[in-house]
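The active site, proton donor annotation in TrEMBL covers 129. According to TrEMBL, the substrate binding site annotation covers 116, 117, 118, 119, 120, 121, 122. Here TrEMBL flags 127, 161, 164 as Zn(2+) binding site. Per TrEMBL, domain 'CMP/dCMP-type deaminase' is recorded for 75-202.
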Ligand SMILES: [Zn+2]
């Protein structure tokens, strides 16, 4: 510390900041605020993917995904997750005994549930995901935020078959798919992550 500064301290004087330095500090403060905002935004996104169903054990793993579709509200996701587990109870699967339930959240916040429905003519069976999607489409809804899938698998998260992935892709690649376990844990993927390099309606326009 130089002599003149020591003197100003002794006299109780405030050190004056040069205008250029003040401007620099203001820019620094703004930059810091932007960084803080971005960090909070990322934390919110991360929390969304790590969220668990109430009264359930922590999620085993999670992977965030960017999506231009506004993320669903936490309470909507809770409803969605509970709905897919409940839908599983209605599964008609006398041949495979593999129960699957699904719940689909529309952009308007409506939830359509579905279960797998098998048939003595095996190939006529339909998956829970497509049941839910077809119910929504037939009710006039075509914009979706998320779909959740439940099964009785305890060793791993249930994943949709290839046919269901393609049917989901028909309605966009950047919406969320919640893959759950009976204990309530889940991971989140986007349709794009589940079906990379996919073919969709817009590709038909490229001819
Ligand atoms: Zn399927």
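Every residue, even glycine, has its Cβ placed from backbone N, Cα and C.
Shown here: features listed in TrEMBL, placed on the structure.
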| residue | record | Cβ within 10 Å |
| --- | --- | --- |
| 116 | substrate binding site | 24 |
| 117 | substrate binding site | 17 |
| 118 | substrate binding site | 18 |
| 119 | substrate binding site | 12 |
| 120 | substrate binding site | 8 |
| 122 | substrate binding site | 9 |
| 127 | Zn(2+) binding site | 21 |
| 129 | active site, proton donor | 28 |
| 161 | Zn(2+) binding site | 12 |
| 164 | Zn(2+) binding site | 25 |
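DSSP labels the residues of the domain 'CMP/dCMP-type deaminase' (75-202) in these numbers: 42 helix, 33 strand, 53 coil. Listed in sequence order, the binding-site residues among 119, 120, 121, 127, 161, 164 whose CB lies under 6 angstroms from an atom of ligand 1 come out as 127, 161, 164. Of all the recorded positions given, namely 127, 129, 161, 164, those whose Cα is no farther than the 10 Å limit from the Cα of residue 118 (substrate binding site) are 127. Each of 128, 129, 130, 160, 162, 163, 165, 167 belongs to the same chain as 127, 161, 164, is absent from that list, and has a C-beta within 8 angstroms of the C-beta centroid marking the Zn(2+) site.
Cα-Cα distances to the residue listed as 'active site, proton donor' place 161 within 10 Å, out of the binding-site residues 119, 120, 122, 161.
The number of other CB atoms found within 10 A of the CB of residue 121 (substrate binding site), across every protein chain shown, is 7. Using a 10 angstroms CA-CA radius around residue 117 (substrate binding site), the binding-site residues that qualify from 127, 161, 164 are 127. Take the Cα of residue 119 (substrate binding site) and measure to each of the binding-site residues 127, 161, 164: the nearest one is 127. Other than 116, 117, 118, 119, 120, 121, 122, the residues of this chain whose Cβ falls within 8 Å of the Cβ centroid of the substrate site are, in sequence order, 92, 95, 123, 124, 125, 126.
Put simply, of the binding-site residues 116, 120, 121, 122, the one whose Cα is nearest the Cα of residue 164 (Zn(2+) binding site) is 116.
In this structure, the CA atom of residue 120 (substrate binding site) is 20 Å away from the CA atom of residue 161 (Zn(2+) binding site).
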